[in-house]
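As structure tokens, the structure follows; a few thoughts come after it.
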Amino acid sequence: MVIYGLALLSGCFFGGMLLGDILGMITGVGSNVGGVGFAMLALILVSSKLLKENKLSSKAQDGIMFWSAMYIPIVVAMTACQDVAAAIMGGGVLTIMCGIVCTIVPLLLIPVISKLGAPSEPLPPLSKE
Amino acid sequence: MELIEMITNIMTKNGLVMSFLVVGAVMAVANLLGKATRGRIAGSAIAIVFGLILALIGGLATGGEKGLSDVAMFSGLAVMGGGMLRDFSIVSTAFGASLDEIKKAGLPGILALFIGVILAFIIGAIFAFAFGYTSAADMATIGAGAVTFIVGPVTGAAVGASSEVVAISIAIGVLKSIVVMIATPMLAKPLGLNNPKSAMIFGGLMGTTSGVAAGLAATDERLVPYGAMTATFYTGTGCLLCPSVLYLALTMFF
């Protein structure tokens with residue numbers, strides 16, 4: 001059933017959030033720390049175990065996949081609710097410069113990190129367009 | 001006139017359901033435009049830019065702080081795009097990513113993941129400081145926005161940053177994903193981005209899933225799954241590190 005997938009997702013969500021709140025309390029941040037990240041880890045661990053044991057029906061998977069597919073639309077709704085007016089008044093140049101620099105600098109590291117570990121062969125050229 | 005009143009009444013009363021209609025329409029237009037660029041710019045990136053433009057219009061029209069959702073008939077957007085459903089759907093994207101896969105990416109992939117998150121955070125925080133956002137919470141939020149446009153608001157909510165700073169962080173993250181889409185096919189050759197391993201490192205360093213997927217699709221479609229594999233972990237790693245250790249590190253200095 002679809003709801004089983006949703007329940008699993010909700011359970012991981014709840015567990016992650018709880019762990020995040022506890023970590024927030026311990027570190028003294030006073031708010032949720034990494035709850036989303038913990039929930040993701042929990043979902044990866046639990047779902048891969050269930051999948052291996054064939055205990056997650058395709059309907060149940062659909063319940064999770066639906067929300068996964070809603071990710072971009074939800075992000076679009078979220079951006080439509082942000083205080084963009086204030087951001088543009090206060091941070092136009094900051095946004096543009098930071099957006100470009102924080103993309104280009106890490107890109108330059110690709111060849112450096114690629115040297116680590118076993119080399120990987122380039123894919124063969126595409127034979128036809 | 002009465003008909004228009006009826007329509008706005010229905011939209012206001014059934015906010016969440018109407019937000020599906022509104023976002024669906026925005027996505028449809030964005031995807032059409034994306035196709036018009038022959039997939040060079042992903043429809044999702046255009047849709048996000050539309051969202052930001054709508055938020056700007058809503059903000060200018062109402063003077064409120066919640067973008068388009070301050071307009072009564074679009075108030076449902078605040079539910080759909082609110083913290084609960086946003087975090088819920090982010091968690092769901094982890095489904096299908098397996099720890100075995102990232103183990104296969106090996107040490108360079110994991111290293112790229114952490115370097116990517118920390119480097120973006122540091123660059124963002126430096127820019128924030130240079131532009132006068134000198135509190136640890138503001139620097140952390142903008143730094144997290146430089147990680148991805150998801151980590152920015154997640155971090156902002158955790159450290160209690162203002163909506164204005166959160167909006168800047170999202171704008172930086174969105175711009176980053178657009179720059180990734182455009183720059184990747186142009187820089188692929190000099191960067192040696194032609195094999196699965198470098199694609200995995202690329203995904204780990206850049207993180208923005210839409211940017212990585214679109215950028216690699218424009219470079220060589222066969223590289224997409226490798227890049228997306230590590231990129232899937234990037235936002236999670238960012239959500240884990242930014243509001244916690246990286247924010248705490250900032251509070252020691254600012």
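Backbone N, Cα and C define each Cβ position, glycine as well.
For B:7-253, the entry in TrEMBL reads domain 'Malonate/sodium symporter MadM subunit N-terminal'.
Per TrEMBL, the feature transmembrane segment maps to B:15-34 (among others). Within the chain, the transmembrane segment (B:15-34) has long-range Cβ neighbours (under 8 A, six or more residues past its boundaries) at 41-47, 49-51, 54, 73-81.
Taken from TrEMBL, the feature transmembrane segment covers B:41-61 (among others). Tertiary neighbourhood of the transmembrane segment (B:41-61): same-chain residues 26-27, 29-35, 67-71, 74, 149, 167, 170-171, 174, 177-178, 181-182, 210-211, 213-214, selected by CB-CB distance under 8 Å and a gap of 6+ residues from either end.
According to TrEMBL, the transmembrane segment annotation covers B:73-97 (among others).
The annotation transmembrane segment is assigned in TrEMBL to B:109-133 (among others).
The list of residues near the transmembrane segment (B:139-159) in space but at least 6 beyond its ends in sequence, with Cβ under 8 angstroms from a Cβ of it, reads 48, 83, 86-87, 90, 117, 120-125, 127-129, 133, 165-166, 168-174, 176-177, 207-209, 234-235, 238-239, 242-243, 246-247, 250, 254. Annotated transmembrane segment per TrEMBL: B:139-159 (among others), in sequence order.
Taken from TrEMBL, the feature transmembrane segment applies to B:166-187 (among others).
Taken from TrEMBL, the feature transmembrane segment covers B:199-219 (among others). Beyond the ends of the transmembrane segment (B:199-219), by six or more residues, the same chain brings 39-42, 44-45, 48, 93, 105, 108-113, 115-117, 119-120, 147-149, 173, 176-185, 188, 191, 193, 226-235, 238 to within a C-beta distance below 8 angstroms of the stretch.
TrEMBL lists B:231-250 (among others) with the feature transmembrane segment. Beyond the ends of the transmembrane segment (B:231-250), by six or more residues, the same chain brings 90, 93-94, 97, 102, 113-114, 116-118, 121, 125, 136-137, 139-140, 143-144, 147-148, 150-151, 154-155, 158-159, 203-204, 206-209, 212-213 to within a C-beta distance below 8 angstroms of the stretch.
Under 8 Å from some Cβ of the transmembrane segment (B:166-187) lie the Cβ atoms of residues 40-42, 45, 48-49, 52, 55, 120, 124, 141-142, 144-153, 155-157, 193, 202, 206, 208, 210-212, 214-216, 218-219, all in the same chain and six or more residues away from its ends.
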